[in-house]
There are 2 protein chains.
Amino acid sequence: MAKQISDLKLGILGGGQLGRMLIQEAINYNLTTLVLDPDTDAPCKHLANYFECGSITDFDTVYNFGKKADIITIEIEKVNIEALEQLEKEGKQVFPQSRVIRLIQDKGVQKQFFKENNIPTAPFKLVNTREDIFNCGFAFPYILKQRKDGYDGKGVMKISDVADIDHAFDAPCLIEELIDFEKEVAVIVTRNSKGEMKTFPMVEMEFNAEANLVEFLISPSTYPASLQQRAEKIAMDIAASLNITGILAVEMFVTKNGELLVNELAPRPHNSGHHSIEGNYVSQFAQHLRAIFNLPLGDTRAINNAVMINLLGEKNHDGVAKYQGLEKIMAIDGVYIHLYGKKYTKPFRKMGHVTVVDQNRDGAIEKANYIKNTLKVIS
Amino acid sequence: MAKQISDLKLGILGGGQLGRMLIQEAINYNLTTLVLDPDTDAPCKHLANYFECGSITDFDTVYNFGKKADIITIEIEKVNIEALEQLEKEGKQVFPQSRVIRLIQDKGVQKQFFKENNIPTAPFKLVNTREDIFNCGFAFPYILKQRKDGYDGKGVMKISDVADIDHAFDAPCLIEELIDFEKEVAVIVTRNSKGEMKTFPMVEMEFNAEANLVEFLISPSTYPASLQQRAEKIAMDIAASLNITGILAVEMFVTKNGELLVNELAPRPHNSGHHSIEGNYVSQFAQHLRAIFNLPLGDTRAINNAVMINLLGEKNHDGVAKYQGLEKIMAIDGVYIHLYGKKYTKPFRKMGHVTVVDQNRDGAIEKANYIKNTLKVIS
């Protein structure tokens, strides 16, 4: 019998909450998990079969770690690509493939990929320095994004006038037309090495304006089926063009005239898929494992209406985390708590999430609002 | 703020699959888990924050282990009760309480408890030696059960004639009238320290005759609501009479004339509740944690029809486990695999389980039959 999933060692670069939830699922397949993360207290530390504290951006560290695994995946894009390329050359399976991570790591290259593949996206221009911004030719206001290393709203700013440029990033950036969108939505698509592809139903996101982080996620969307099908088609087109093996989150804007514009990609489990643990037949974590082990993909249909609330550290709280209101929200039916095992909280740090499922969509939203106002992470 | 679930250390006596699934859930609450098990390769070994290889029946080992935890629970009844009693005296929380485990450990005392509390159960008699069996006064055939240490069909035999008695257990036993039942069913009930109680919908079980192990479990039952309500009432009466904190599985016979007779109790997560992970809003593992941490109990309603198939080691296979047919069954929608992390298989060893959920009950049963015939644990 060929080697099968239960015989294999999965190496995960990054040991945060995404790795943690991936391991919770990997347990069901007897997978041996190895995790590399620079934080000695990473959320995965006690769950992985083997935990190594080290840099995920250092060639030697990633290469030597990868040698210990059979299949290597990521839970964050900012990893050492050269090490992954070398591991691939030596026959290790790296999913998503290093070339996909390389492309997505650079938001400029990502935008060019959209353009070359006729993927609808906001008009953009690439600049190398702050000086270039002055002459970009875009009308104010517009969005400025660092090409590399931005995440969770970091590395993004709005440029409203010339004065803003003085405080702008002085680094290779992407300038993007500000889209007057109606809603941000996401479609998660998964593809295995056989080329089988499946999308999760489209979800709607609501952002915390101050932190630029997803606050609420509602699944499934109530946009017309035709729009949802277009969104799913875009996600599949991207996954096919990338020839990716693994999961890919595709964030999109719905403009006020019903157009869909791709905002960003994430080639890994993503915040916009957390609801799938309870809200869909297969979770994004289970689906990613199926994809990278080249197993048949699971049923992505929604079981119930689900609303996911990110549990962010309260403002003005910095220190050992305490969870206020946990008992109150556990008294509500259909509430699922996921704490991420982070000892310390700080303002807007992602400390956990809560998913509410309810056969009634409005009921789920109402419960989610109550949870948002009741459950607090303080110090 | 008072100490809360995320600050506490949960000690688990036993590190098998039940502990493993309990830990998978405990992760969501940042619980620190400590496990004691005599097997160096126990399924919980790599998942617990602290794993100790040692005897769960030895006073000193259990006592010293328990001192390290805030709350102590079990995943198997055969533990050292005296150590738990001592820990309770010293202020540790032990759930289920030691007196409940003591009562249930002894099937004779369990039966007497049923009698004293008017819980319907098959007529029985207690004997001390093989000699006593000859004079028990029961008509052949009847059932002989060792009062202590039986599990998974071990310690149980059918006595069909005098010749059988020669091979009978020569130990304190329980003789029970053989019930000509129509079906075995189970109701899981949970009670927290506030006295809040909830039952899971009744399930139907089908046994493997050769191994006397649950092979199939179907949730929810299709018996008339009135019978199901009677079963739930019996389970709640038992939990209330025991004043238990935690989860309690109540196995019952449905006789051919629609009577319900309690067979056995298990004061811990139980095989008859595995389907609840995907089939019900709250799982038995989440519910047990809610109960022992005195949190509000979750919604036990079934989400979907669910059929659970125990994955037993194939006959004539003894050695390092291999899973045959995994990929085939993963191609079916609504299939959830749970492997227990056991390196070695042997005939009828519980190596994992699979749950199928389907909006159509017959569809779920059909898929389960296919899975039973397709997925094999060999060596």
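Cβ coordinates come from backbone N, Cα and C, glycine included.
Nobody curates TrEMBL annotations by hand; they come from automatic prediction.
Residues annotated as ATP binding site in TrEMBL: B:Lys107, B:Lys145, B:Glu176, B:Glu177, B:Leu178, B:Ile179, B:Glu184, B:Asn263, B:Glu264. The domain 'ATP-grasp' feature in TrEMBL is assigned to B:111-293.
On the structure: features taken from TrEMBL.
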residue  : record           : Cβ neighbours (10 Å)
B:Lys107 : ATP binding site : 24
B:Glu176 : ATP binding site : 21
B:Leu178 : ATP binding site : 15
B:Glu184 : ATP binding site : 19
B:Glu264 : ATP binding site : 17
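DSSP gives B:Leu178 (ATP binding site) a coil state; it is part of no helix or strand. Listed binding-site residues: B:Lys107, B:Leu178, B:Glu264. Those with a CB under 8 Å from a CB in chain A: none. Across the annotated binding residues for ATP (B:Lys107, B:Lys145, B:Glu176, B:Glu177, B:Leu178, B:Ile179, B:Glu184, B:Asn263, B:Glu264), the two most widely spaced Cα atoms sit 18 Å apart.
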